[in-house]
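Asker: First the structure, which I've put down as structure tokens, then a few questions once you've had a look.
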Amino acid sequence: MLVLYGHSTQDLPETNARVVGGTEAGRNSWPSQISLQYRSGGSRYHTCGGTLIRQNWVMTAAHCVDYQKTFRVVAGDHNLSQNDGTEQYVSVQKIVVHPYWNSDNVAAGYDIALLRLAQSVTLNSYVQLGVLPQEGAILANNSPCYITGWGKTKTNGQLAQTLQQAYLPSVDYAICSSSSYWGSTVKNTMVCAGGDGVRSGCQGDSGGPLHCLVNGKYSVHGVTSFVSSRGCNVSRKPTVFTQVSAYISWINNVIASN
């Protein structure tokens, strides 16, 4: 599920971002990370990441659920290709996409969706809720953040089997929206991180979390949204995330009314 925008010679957003230049995460060191999988034939396939935000709600990217598929969420996973013994499998009962999301215009923003699970997961040391930032919270430039996911480990590469993490310091809006970076493609409802040309998200990381260290604890400040169509790890084209703090009231309203 690779969504391409325009030609590869232009710096246009490409959704489905995966971790490039990362390392294998410690087993269950990011216990709010989930794998969003769809059924095709008799098999299940990882398509996106997500964050467990309630025992029966997951936050992901809207572009991950643009297609009518039968989805399930796997919590507590580390190696997608084997049984770790810690996984919890739950079907997705309802999908709520942000009403302003337009799949033909990723750069407009609103790339966020909430998934209500058919039943609540059990919280333990392998499965925990992600901590969300306060509404309107803005990261300082160069804040320490990690992207996590099972996405491709290089442009046009293979999906990772074990959860990967990469250190991606945040890039503030003033820099990220400058002409030598993303320009007007990036909006102030987005978070940019990385851009060193080595480490980035890539296809398959989409929808997953950007964990940032603020006041001594990690919270999920981003939902992985897009990278450059020229490649995942392009210098001065940081990975772009939906800014979670811009959607806190929407998230709370959706959960309260569903």
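Heads up, the Cβ atoms here are built off N, Cα and C, so glycines get one too.
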Asker: Quickly, which of Asn79, Asn141 does Swiss-Prot have down as N-linked glycosylation site? Just give the residue.
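Answerer: Going through Asn79, Asn141 one by one, Swiss-Prot annotates Asn79 as N-linked glycosylation site.
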Asker: Based on what Swiss-Prot records, which one of Cys192, Cys202 is disulphide-bonded to Cys176?
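Answerer: In Swiss-Prot, Cys176 forms its disulfide bond with Cys192.
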Asker: So Cys212 is in a disulfide according to Swiss-Prot. Which of these is its partner: Cys64, Cys145, Cys232?
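Answerer: Checking Swiss-Prot, the candidate bonded to Cys212 through a disulfide is Cys145.
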Asker: Of the recorded positions Glu87, Cys176, Cys192, Asn233, which one has its Cα closest to the Cα of Cys145 (disulfide bond)?
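Answerer: Smallest Cα separation from Cys145 (disulfide bond) among Glu87, Cys176, Cys192, Asn233: Cys192.
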Asker: For the Ca(2+) site given as Asp77, Asn79, Gln82, Glu87, which other residues of the same chain have their Cβ within 8 Å of the site's Cβ centre?
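Answerer: Counting only non-site residues, the set is Val74, His78, Leu80, Ser81, Asn83, Asp84, Thr86.
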